[in-house]
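Step one of this worksheet: look at the structure below.
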Amino acid sequence: MAQAMDKLGGTSEEEEEEGMDMDVKEEDDEVEDGRIRAMVAGAVEMSGGGRYFLAPPDLPQDSGDRGDAPASASGSGSGSRRSRPAEEKERTKLRERHRRAITGRILAGLRRHGNYNLRVRADINEVIAALAREAGWVVLPDGTTFPSSQAGRPAAAPAVATPATPTAAAAPPSPTPPFRGIAPAGALRTLDHPSGRLKGVFTPPISAYDGRCLSVVPVAGASRTGEKVADSSPLICSSTDSGNDKQLMDLIPSIPERDFAGSPYVPVYVMLPLGVVNTYCELVDPDSLMEQLKKLKSIGVDGVMVDCWWGIVEAHIPQQYNWKGYMHLFQVVRDTKLKLQVVMSFHECGGKVGDGVCIPLPQWVAEIGRSNPNIYFTDSEGRCNPECLSWGVDKERVLLGRTALEVYFDFMRNFRVEFDEFFEDGTICEIEIGLGPYGELCYPSHPVRHGWRYPGIGEFQCYDSFLQKSLKKAADARGHSVWARGPHNAGSYNSQPHETGFLCDGGEYNSQYGRFFLGWYSQVLVEHGDSVLFLAKLAFDGSSIAVKISGIHWWYKTASHAAELTAGFYNPCNRDGYAPIASMLKKHGASLNFTCTELHTLDHYEDFPEAMADPEGLVWQVLNAAWDVGIPVASENALPCYDRDSYNKILEGAKPLNDPDGRHLSSFTYLRLSPVLMQNHNLLEFERFVKQMHELS
């Protein structure tokens, strides 16, 4: 331990500056001194949400000990600030930022892989204290350190006027060493309510490149074959000229890239813009689209994905379909020798992040909805959501004599007949079946139109008359007619789990009634998918079909998984809610398309620590549920991404490192084609990503 502490002691800021040949940092010192004074004089915000106050300490005055400190207010005399060339100052800043970037990566690694309870911006004292505690030492808040086996506890040194950090204030650990690979316990202590146990231990795969803190971007003039520069975003943003870029290349080493030689070939598709076909079913700007598709083909993209909107094709009169714009589009795609993934979109377009186009449901459906709003999903306050039809009307003849299932089947069958030539020549390689809002299999439990904002838990969507009738039937079958109701204490759209009686830890969700209700609610979701896929298999006999599952990753680290429950995924900490869905897909030979593979749990913890989100844990669970039953798994990004860090995260999930079963994604769809993606530097980075997804030898 002494040797370890000696090594740690050798990493003080003074020695780091000497090791890096750093000059005195006037600007950084001034900022740091000002930050310390402000911190101890005012309120200090802790990572756990606490707040406390300290009287300002007697900070040491600037003196001749610092070579750059002024001797007087006039700034003259032997102690005056020495002048340095601008280039030297800039190099100093770059070296310091690089050092801080390395510190950030060390802290991220300790939190992610080592179960160290460290704040996002922990200082060196917290790191040393955490290492000392793991070695069996006791570290008091004032820094006094002694072996835990020592009988007498030494008297505490005089308190220093600096804020006690969460790590320093923590009680000494038990002799049992911490488990490795578990999500940091500090994340669970930041809330004012008790948190539930995690469903299981999730250990993210250790990559050759470290997750979030550093990314690599191509530099102007760099060749495509590999001249790279590592960067953290603030560093690149502060570079003002090409000279600084060269300094970055000289100062910061490139991140080791994982070798994908011999890895499986994963096809890459690009989702076309939402408005590529307008509401009159006309292809918008085909010449510009052709040029963009040619560029995608030139960098190795396998194909594109496009939504076929129910609200465009069958807009005015039932069973009168207008495919003109899509026929033109498919011909353009075929001319560029790209493949097509086509989505049967039975939902409204608009209201989701990135949706700049509004395409409502067909007009004739909207007219029915005005007289009978129960065809839509409805919340506990009676607010209807016209994004898509309620699953309660799947078998109800409320659509001018047809059920919703018949409407979906007629649409899919007509599409298959109209575009037969594209199926026969292999241009259309896959059909994705829209099963709910946003085309995803889930309830519309988080509607922005009703005021939901992240990370609200959402609301149950089962209060239309048709689903209420189904709930009553299920309750009567169980012999508990009183259960024919939705939970009365499940909060509102923007509630947090601990604010509700139904979804809090130990809440009613785990009672007999709660288990009955959630079982029925999730079973309706599975039965809807089962019914629609049965008809899709008839309409597209012999073609590959897929289903998209929504990635509800917030509140994943709580016992109830509240946001998933309202969306229809019965996935609390003691139950696997995705296994029944995977089994249903297996029954119909459908593949699973899952989102949010590019998201980092650490990023969400930094931005929304109260959300208890874990996108990496969710992705790991869903992918394994699908792989366990042997169905293909595809993926797409949840948010637009253009940086190497996000691409590397996708690659980790697409081709897991050292997986003994050799599991990998069947395809990846990039969201989405845009002018930003077509910018030269972004296109070069995307080309590199495509090549690594394709890498075979």
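Keep in mind that glycine also has a Cβ here, set from the backbone N, Cα and C atoms.
TrEMBL lists region 'Disordered' at one of the ranges 148-176, 206-234, 351-379, 496-524, namely 148-176.
Look at the compositional bias 'Basic and acidic residues' (84-93): DSSP puts its residues at 8 helix, 0 strand, 2 coil. With a 10 A radius on its CB, His553 (substrate binding site) counts 26 other CB atoms from all the protein chains. Under a cutoff of 8 A between CB atoms, and with a sequence separation of 6+ in the same chain, the neighbours of Glu440 (active site, proton donor) are Gly434, Lys548, Ile549, Ser550, Thr595. Within its own chain, Asn637 (substrate binding site) has Thr595, Cys596, Thr597, Glu598, Ser646, Ile650, Tyr670, Leu671 as residues 6 or more apart in sequence whose C-beta sits under 8 angstroms from its own.
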